[in-house]
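Visitor: One structure follows; several queries about it will come next.
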Ligand SMILES: Nc1nc(=O)c2c([nH]1)NC[C@@H]1CN(c3ccc(C(=O)N[C@@H](CCC(=O)O)C(=O)O)cc3)CN21
Ligand SMILES: CC(C)C(=O)C(=O)O
Ligand SMILES: [Mg+2]
């Protein structure tokens, strides 16, 4: 079984680290049999699974329930769970309670967004034996401050701040950091500035690994697709087609057929 210290080994070996999000046991069961290194129970589940328009609506209970489901489906994968909006901003006791719930649900590590004011908390979580992943750049929990899901780190001062933030997170004990939607050259500079692996989303190839929302890579949403996500399938179309074929078969009485049900008579004769 892969584990958190493997992240450093993969980086040292020059092996790009692969991570996808997952929210449910059925998908987790499929992922458990793939080569993916790690699974993230992202607070994106508030949007992707629960239909909210931002991740502000995620709660600790929500992430913990999805983490428990994913752990039941994927017993062999390294699981990271997102600390949701404000759960790490209401004092250390409240934050540690959230960490406790996510770890007891089956996570191997927690991820938290931004650095400002978080360094001591990161140190405390790490000193408590819980690995922490940082998250810099487009941190979706700050969508109201950003005014939308907009690329970050474009100015040279913002790029400099990202390098400093990444160094601070490394110093505080983070085992890895997610870089989301920042320019590729900035992601490269951040990656060169720290010894912990960087996991990129929407910031190019010069990072230590990649993460994508599993629904995006499967093409589960016909309407919404972030520009940076590659569709490896078109599941929204394939699922709609399968359900329409099922409905047509029911209408034409082609389903159910012999063998798809049991009659009492057949049982007695058999
Ligand atoms: N399905 C899904 N995939 C994700 O990657 C994702 C979520 N949901 N929810 C939480 C956050 C939000 N994310 C997003 C959402 C939209 C854009 C987006 O459309 N960005 C535009 C505008 C860029 C700009 O204005 O600078 C883009 O073209 O990338 C980016 C990241 C990433 N995360
Ligand atoms: C996109 C990844 C990094 C994330 O934080 C999430 O899915 O919530
Ligand atoms: Mg998240």
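For all residues, glycine too, the Cβ spot is worked out from N, Cα and C.
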Visitor: Kindly point out which candidate in 24, 82, 93 is recorded by TrEMBL as part of the Mg(2+) site with 43, 113.
Guide: 82
Visitor: Excluding 43, 82, 113, please set out which residues of the same chain place their CB within 8 Å of the center of the CB atoms of the Mg(2+) site, keeping sequence order.
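Guide: What remains near the Cβ centre is 42, 44, 55, 58, 63, 83, 84, 85, 111, 112, 135, 139, 140, 141.
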Visitor: By Cβ count within 10 Å, point out the most packed of the binding-site residues listed: 43, 113.
Guide: 43
Visitor: Do me a favour and check the Cα-Cα span between residue 180 (active site, proton acceptor) and residue 111 (3-methyl-2-oxobutanoate binding site); whole Å is fine.
Guide: 13
Visitor: Which has the fewest other Cβ atoms within 10 Å: 82, 180, the recorded positions listed?
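Guide: Checked 82, 180; of these recorded positions, fewest Cβ neighbours within 10 Å: 180.
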Visitor: Are there residues of the same chain, six or more positions away from residue 111 (3-methyl-2-oxobutanoate binding site), whose CB falls under 8 angstroms from its CB, and which are they?
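Guide: Expected: 40, 80, 81, 82, 83, 132, 133, 134, 135, 178.
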Visitor: Anything from the binding-site residues 44, 111, 113 with its Cβ under 6 A from ligand 1? List those in sequence order.
Guide: 44
